[in-house]
Amino acid sequence: MKNRSLVFGTAKYGFLWLYAGLSLFLFAWIFAGSFKNNREIFRSPFALPERLSFENYIRAWESANMHAYFWNSILVSTASVILTLAIASMVSYVIARFTFRGNFWLWGMFVIGLAIPMQSLLLPTFLKMNSLGLRDHLLSLIIVSGVFALPKSVFVLAGFMRTIPAVLEEAAIVDGCSYWRMFYKIILPLSMPGIATLAILDFIGAWNEYVYASVLISSDHLRTLPIGLANFRGEFSSEYGLICAGITITMIPVVLVYVFFQEQIVKGLVSGSVKG
Amino acid sequence: MNRDTGIKSIVLVLGMALILMACSEGGGSSDRVVERQGESAPADTEKAAVELTLAHGWTGEAAMAKAFEPAVERYAQEHDYITLNVETAPGNGIRDKIVTEMAANDPPDVFLHWGVRETERYITNGKIADLTDLIADDPELNGLYSANAYGSATYRGRIYALPIQENMMTFLVNTKMFEEYGVDIPETFDELKEAVRTFEENGLIPFAANGGTPRAMLLSLVDQLYGDDLRERLIGNQPFDDRLAQAAGYVKELVELGAFPEGMETLSTLQALELFNAGMSPMYFQHSWTLGSVAEDLFEHVEVIPFPKLSEAGDAYMTSAAGYFVYLSQHAYEDESKREAAWELVKYLAGPEVGKDLEVISGNPSPIVWDRNADMHPMLAKALKLRDSGTVKTFADHNELLSAEASKRYNDLVTKLYLNEINPEEYAKLFEEAILDYPNPAFE
Amino acid sequence: MKKEQRLLIVTFSLPALLLYIYFFLSPVGEVMYYSFFEWDAVSSKTFVFLENFKVLISDPVFYRSLLNTLHLLAFLILLMIPLALLLAYLLYTEVRAFKFLRTVFFIPVIISSVATALMFQFIYENYFGILNTFLRSIGLGDYTRVWLSDPATVMSAVSLPLVWSHLGLIMIILLAGLQGVSTEVLEAAEMDGANEFQRLIRVIIPMISGVISLCLVLAVTTAFKQFDFILILTQGGPLHRSEVTGSYMYNQGFGMMNYGYGSAIAVSIMVIAVVVSVAVQKALNKAER
């Protein structure tokens with residue numbers, strides 16, 4: 001018995017650290033590469049940099065507008081999450097808590113969207129945004145990320161709100177509470193776990209969105225982080241150390257945010273996804 | 001609990017503010033201002049303010065950026081009444097950018113692009129201005145460019161752009177490495193194969209190549225085999241014969257000898273050049289725009305030589321013809337307030353000042369005719385010396401004579417050839433089919 | 001129904017409904033409409049009805065892109081989910097440095113896909129890339145490949161960053177599922193003398209089957225919508241070897257200005273994705289019953 005658990009323990013740690021080690025090695029390689037020049041990288045790809053020169057970082061920061069891209073990404077992701085959650089929670093409330101003709105159809109209309117891959121709407125969305133004068137405008141990205149997240153959000157939230165016991169509402173009605181107050185005093189707080197999960201998932205989705213942004217945004221100062229980085233790679237494809245520096249610059253803030261808020265993020269993700 | 005609600009409402013308010021910011025942030029496109037001088041502009045007070053958009057791909061690591069980007073900035077500074085919005089997309093990214101903006105019916109006023117092969121669709125749909133009359137009426141342009149510089153900008157007899165770049169294919173050798181391994185600089189194709197063999201046996205990559213290199217070699221070999229008869233064949237007026245497959249076979253031989261880096265199809269042009277710069281490869285055969293990116297410490301060891309000849313009696317060939325241009329959109333041309341300023345910008349970009357800078361600073365050959373005695377970029381000086389020496393004949397990149405679709409197929413076929421998906425005979429057959437199936441409308 | 005209630009239903013539904021119809025459902029209709037035309041977005045449209053679809057069903061590149069998409073899906077289902085389950089289970093059985101490991105596993109989820117793709121480019125690079133250098137240094141130089149071009153490896157090479165970047169999310173979801181399993185059941189299983197592995201297969205997996213099926217659905221949608229990695233790593237090339245349906249649509253539409261044909265590809269992606277999603281749902285429902 002003891003032997004067996006020893007074997008299991010070794011295998012367990014071995015496996016966990018093997019997988020973690022692969023990722024950590026990749027990060028370390030990129031980080032080391034960011035201090036090297038091409039000849040160093042060619043000659044000894046696995047060696048530590050010969051000297052600690054921040055030249056690549058300075059050049060990456062100066063030639064690419066990284067801080068502007070960063071704020072654009074934050075703005076687009078935050079705004080689209082707020083947009084999605086605001087309108088999705090309202091319509092989910094209606095779907096989940098009221099019986100009326102067309103209720104099922106309303107729900108079904110959003111849910112069918114779950115099966116449609118958002119990338120297949122790239123061409124018409126481009127043309128539509130263009131005709132609305134929203135091409136090359138961050139609002140177009142906010143709308144795309146916000147609206148395309150609706151099917152998932154309505155599906156999860158309506159499911160979540162259905163599980164809230166009706167007793168609470170009945171008590172509220174007796175108290176003479178309006179529907180609006182009921183919504184934000186009772187339903188919303190009780191749905192917080194689901195909302196938190198969606199907020200995180202939608203934020204990650206909007207934060208990483210690349211294809212729509214690359215088609216809809218053409219001005220340099222409106223680029224989000226993913227297109228900024230892709231463009232940077234296009235501009236300096238043969239300066240490998242510089243690209244490593246660019247990758248590192250874009251990664252550090254995200255990693256810091258996660259490390260600081262990981263409990264909230266994990267809790268948020270877990271609370272809704274399992275119940276929902 | 002209360003504090004929590006407080007934080008949440010702050011986040012919400014912040015979010016709303018952010019949305020508002022996004023909405024008020026300029027309702028239109030391309031509002032990036034590179035240079036905007038104050039209202040006080042004594043020299044140009046009589047000119048009305050005008051806003052122009054310029055799109056180009058000469059940014060980032062491309063050597064042209066060193067001369068071109070400062071030249072654009074200078075122009076904006078010197079012309080107070082012009083607000084110049086510059087949009088860039090590196091390298092081939094400019095193609096996707098122009099496609100997208102044309103589809104959005106919002107093309108830049110002035111942009112850099114390849115010849116009419118790439119812009120035919122825009123020309124036939126009236127998106128690009130016909131410059132023929134403007135050019136004819138402009139004395140400044142008279143005799144400015146080398147002969148036939150407008151060739152690839154001409155569509156059915158009309159000219160649609162001014163030339164800004166000469167496309168040459170240059171063969172560079174690192175003489176130090178040749179000495180080190182006791183190899184003679186190859187003059188014939190057999191000597192080239194011998195050199196490839198020796199370097200390969202010594203663990204080097206003989207050619208710092210990407211997918212463009214085998215195509216450049218095929219160009220040179222086909223030029224040598226067909227000589228002056230080639231043009232009529234490339235535009236589909238005459239059939240090819242066995243020699244096409246023969247040329248493809250020679251390229252295949254080099255592939256089989258291990259002349260090229262493994263996976264060259266995944267490399268960009270400048271990534272390939274880095275193999276040469278790092279001393280991993282003794283030879284490099286590519287577009288001349290990369291001359292300005294050759295590592296400085298190699299300058300004294302690098303020579304530019306003609307592509308080796310198949311027979312000693314034959315002619316040596318070098319690909320050279322204007323291949324990159326400055327266009328004016330029809331939109332800007334029709335706009336009375338923009339036309340003059342936009343045309344001035346086109347002429348400036350394709351003019352002598354920028355052209356000379358591009359040659360001297362960026363090592364990028366210009367179609368401008370001028371007295372090249374100054375401190376020319378050393379690599380370009382070597383390339384131009386060879387081209388103008390009278391020992392090589394020149395011919396355009398074959399792509400310049402093909403339609404867009406035929407050109408795309410041509411490039412795919414070369415890739416298939418060196419990746420061993422087709423043999424030289426199939427290559428020849430399919431290439432000829434592509435020319436006949438997709439004739440070049442520019443010559444109709 | 002009270003008037004107040006009716007008013008609420010309308011005002012609460014309208015914002016979402018209008019935006020959804022205008023920006024989501026109407027593009028679905030528009031893409032179908034465009035698929036009946038030959039159109040380059042610059043000149044005027046020519047109505048060709050089903051011509052684009054006729055071309056599509058005899059287009060070998062389209063079939064290749066479909067197969068490649070299934071390749072992505074297979075990697076997500078057969079590699080990512082089992083691996084995520086295993087890692088989640090191991091984390092679940094009390095480990096030291098739990099938080100650190102969880103962080104390392106989750107970070108790929110939040111890194112932008114472009115950064116991930118660029119990092120993997122350094123793994124696959126021919127000369128100094130991590131993989132080939134490693135193989136050479138341990139004497140397996142014969143096994144080096146041009147990972148992003150070799151027909152035998154290119155699809156796996158572009159699938160791995162997808163697996164790596166989604167694994168953390170799936171793992172967290174599964175871990176949450178595991179934490180919901182009551183300890184009594186597990187203790188009972190231990191009494192039976194089942195070893196760790198048997199316990200995972202016989203007891204735990206059936207108990208979290210609901211969460212696993214959620215992950216399966218996520219895998220299907222991810223496989224059909226993702227082509228960022230491919231656009232950045234290979235653009236679908238060389239010679240369409242790594243083309244997936246999404247990248248093919250993108251290249252036809254925005255690369256070659258075949259908006260009509262690109263729309264036809266988009267319509268078929270939609271149809272296939274809906275069919276696959278429904279099939280997976282049906283299969284899961286059946287399995288649960």
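In case you wondered, yes, glycine gets a Cβ from its N, Cα and C as well.
Listed features, source TrEMBL:
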- C:66-280: domain 'ABC transmembrane type-1' (DOMAIN)
- C:7-25: transmembrane segment (TRANSMEM)
- C:70-92: transmembrane segment (TRANSMEM)
- C:104-124: transmembrane segment (TRANSMEM)
- C:163-182: transmembrane segment (TRANSMEM)
- C:203-224: transmembrane segment (TRANSMEM)
- C:259-280: transmembrane segment (TRANSMEM)
Output the single range from C:7-25, C:70-92, C:104-124, C:163-182 maximising the number of Cβ pairs under 8 Å to the transmembrane segment (C:203-224).
-> C:163-182
Contact set of the transmembrane segment (C:259-280) with the rest of its chain, CB cutoff 8 A exclusive, min separation 6+ beyond the ends, reads 28, 31-32, 34-41, 45, 48, 52-53, 55-56, 62, 66, 216-217, 220-221, 224, 245-246, 248-250, 252-253
Under an 8 Å Cβ to Cβ limit, what residues of the same chain, 6 or more beyond the ends of the transmembrane segment (C:70-92), are close to it?
-> 98, 101-102, 105, 155-156, 158-160, 162-163, 166-167, 170-172, 174-175, 177-179, 200, 204-205, 212, 215-216, 219-220, 222-224, 226, 244
Can you name the far-off residues of the same chain, 6+ from the ends of the transmembrane segment (C:104-124), with a Cβ under 8 Å from a Cβ of it?
-> 87, 130-131, 147-148, 157, 160-161, 164-169, 171-172, 228-229, 232-233
